[in-house]
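According to TrEMBL, the protein carries these features:
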{"type": "REGION", "residues": "1-37", "note": "region 'Disordered'"}
{"type": "TRANSMEM", "residues": "90-116", "note": "transmembrane segment"}
{"type": "DOMAIN", "residues": "92-583", "note": "domain 'Major facilitator superfamily (MFS) profile'"}
{"type": "TRANSMEM", "residues": "128-146", "note": "transmembrane segment"}
{"type": "TRANSMEM", "residues": "158-179", "note": "transmembrane segment"}
{"type": "TRANSMEM", "residues": "218-241", "note": "transmembrane segment"}
{"type": "TRANSMEM", "residues": "247-266", "note": "transmembrane segment"}
{"type": "TRANSMEM", "residues": "286-311", "note": "transmembrane segment"}
{"type": "TRANSMEM", "residues": "350-373", "note": "transmembrane segment"}
{"type": "TRANSMEM", "residues": "385-406", "note": "transmembrane segment"}
{"type": "TRANSMEM", "residues": "418-438", "note": "transmembrane segment"}
{"type": "TRANSMEM", "residues": "444-465", "note": "transmembrane segment"}
{"type": "TRANSMEM", "residues": "477-504", "note": "transmembrane segment"}
{"type": "TRANSMEM", "residues": "560-579", "note": "transmembrane segment"}
Amino acid sequence: MPSPPKLKRLSPFESAFRTPPPTYRAENPGVEVPPLRRPRSAAFKTNEDLSYMGTSSLLEHSDDDCSTRAIRFSVHSEGATIPIDDRRRAFITSALCLTSFLTGLELALTSTILPAIEDDISVSTTQYSWIGAAQILAGVCLLPLWQTISDIFGRKWILSAGLSSYIAGCLISALAQFAHQLILGQAIRGIGMYCFYELGNAALTDVTPAAQKRQSQAVTLACVCMGASVSTILGGLLSNYAGWRCNFYFCIAIAAPCLLVMLVYFPASIPAQRSSKRNILSMDFLGASLAGSGVILVSLGLQLGGITFGWSSGNTIGFLTVGLACLFGFLVQQYFTWQPILQYSLFKDLTTASAILVSFTHGFTTLACFYYLPLYFHLALAASYIQIGLWLSATAIPSGIFAFGTAAAIKNTGHHRLIIFISTAALTMACGFFIMYASDDRDWIRLIVFQLMISIGIGSLFPALRIIMHNAVPSPLVASSAAMLEFVRGFGSVLGIVAGQVLLQNKIRDRSGELRRAHVPEHRMDNLSTDWRSFSDTMRLTPEKQGLLKEVFTESLSKVWIMCTVVAAVGFLAGFLILKTRPDQQPTMLATTDHHEMHGSNSDKDIDLLVPNSAFEA
């Protein structure tokens, strides 16, 4: 009988930055992989001993042939769920559903209460945009890292840390007396929110029996849609009758019991990755820092150049130069890192590349809509806080309904290309119709129908793009591709808010001559492009001057809608490049699957093999 092939341990350079523990591979590329069987190990004897997050690098030798293989055994067998009683499972499931509700609530809650915040504390136009952008930017920078961190330290502690961060951010925001304190609180909230957004569904899968996993995922999606639907009405009611700070206290009242349940009932598991130091070093903190720093510096450069210092000033040039250098360094660094945030391989496929582009345009237009529609209602239509919430619910409530309905429709029909076409077309047309909004014109057909149209695009694209990406990539890349999709959408959202604010301010400043000829007071003229209260605090002005200010604001805002229309049209054209994919036609490829990626795919039985290409080609 021929002797088994020699085994070669991975070099220190190869293994130092890999998420799994050191594995082995056969030097002989022609080794045939025998049928899988459970490894024999004294360390693991029962399914209970195999922790739901545990992995083990085991060397298995088959006596009936010369095949020796190195495998990483991911414990997602029939007993993959944590052995807990029904009472504990009910508490944990309820807490995770509440975190999903909070995730949906954050879609439009902050944007709904921003007019109330702007009336209460001194908020410049630049700070107004960063109150929302800071929450998204801080969250998406760390979003791709949470799965790996939870594999190292355990799901329980990372979820608890995320909820603690969210509660701390809400408390800072509720107690803030100045805009910079509020921005800091929003950034801390964003870190926590994106943490339990990324890990909540996986944690629910861990504690749910295999037969109920699909039902649990449907329930969490319903909770997200419910939170998105009530966010605007809740924000308007609390801001109008109790003050905008009560919105943050309401979020604390929901998150605090969830944190208590996580600490008391969620079982502490064995960390999946044994060599914590090695795996911590393997995470792409450098890439996240470069991306976040680059976007912040470029955004500040655009804001300073457009309003404060001018485009030729040293401050503007410095911010833009350093920011672009950080973004370029991020793109280069992603090519060489072991666990990149940007999976360049996804851009080689037309379907995945187009889906990523559509995701960027979706984020850009969605957040611009949710942030500048309330401003239009407040400044141009003189709406109260509760009216803002009620009117904006024409976007939020249908968005949640369309999101849930789209997921069900694609599951039953598989016609995702048609849904992408309808969604991107509706998004483009609605942004174009927003240009028709006039000052002091409460035309209910325009206010309601146009928002219903944009809700088709906003709600449907959230699940549709994720399902398309899931079906178009190999199983080992499902989790990383989903994280990348949210990463790109988040950066698009930040750029949409900042670009809209810069364009709006510049157009208002261009109309300053017309306002001077109408004898608008000079002190008000100086603050028009830097303080939105100059438009809302008009009690001492004549009706003619009040109408002129509203007209200037509305016409300037129409340029923002034109920009959103162009961006949405790019997404509409990119949608035609998305090809039809089905789950049963996923491409095969050689991949060393990270545990957190396999876990993110919600697979029940995951075995990772390090085998040569010939095994797959055969």
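Heads up, the Cβ atoms here are built off N, Cα and C, so glycines get one too.
Note that TrEMBL annotation is computational and uncurated.
Quantities reported herein were computed from a predicted structural model and do not represent experimental measurements.
Beyond the ends of the transmembrane segment (247-266), by six or more residues, the same chain brings 84, 88, 91-92, 94-96, 98-99, 101-102, 105, 109, 113, 155-156, 159-160, 163-164, 166-167, 170-171, 173-174, 185, 203, 207, 234-235, 238-239 to within a C-beta distance below 8 angstroms of the stretch. By the Cβ criterion (under 8 Å, sequence separation of 6 or more), the transmembrane segment (286-311) is in contact with the transmembrane segment (128-146), since 3+ such pairs are found. Sequence-distant residue pairs (6 or more apart) of the transmembrane segment (350-373) and the transmembrane segment (560-579) include at least 3 whose Cβ atoms are under 8 Å, placing the two stretches in contact.
Between the transmembrane segment (128-146) and the listed ranges 90-116, 218-241, 385-406, 560-579, the one holding the most Cβ pairs under 8 Å is 90-116.
Listed by sequence, the residues of this chain that lie at least six past the ends of the transmembrane segment (90-116) yet keep a Cβ under 8 A from its Cβ atoms are 84, 128, 131-132, 135, 163, 166, 186, 193, 196-197, 200-201, 203-204, 207-208, 216, 219-221, 223-232, 234-236, 238-239, 243-244, 247, 251, 254-255, 257-258, 261-262, 265-266, 367, 370-371, 374-375, 377-378, 385, 388-389, 392, 395-396, 399-400. Among residues of the same chain six or more beyond the transmembrane segment (444-465), those with a C-beta under 8 A of the stretch's C-beta atoms are 221, 228, 355, 358-359, 362, 365-366, 369, 373, 391-392, 394-403, 405-407, 410, 416, 419-420, 422-431, 433-434, 436-437, 485, 568.
When pLDDT is averaged over the domain 'Major facilitator superfamily (MFS) profile' (92-583), the result is 86.
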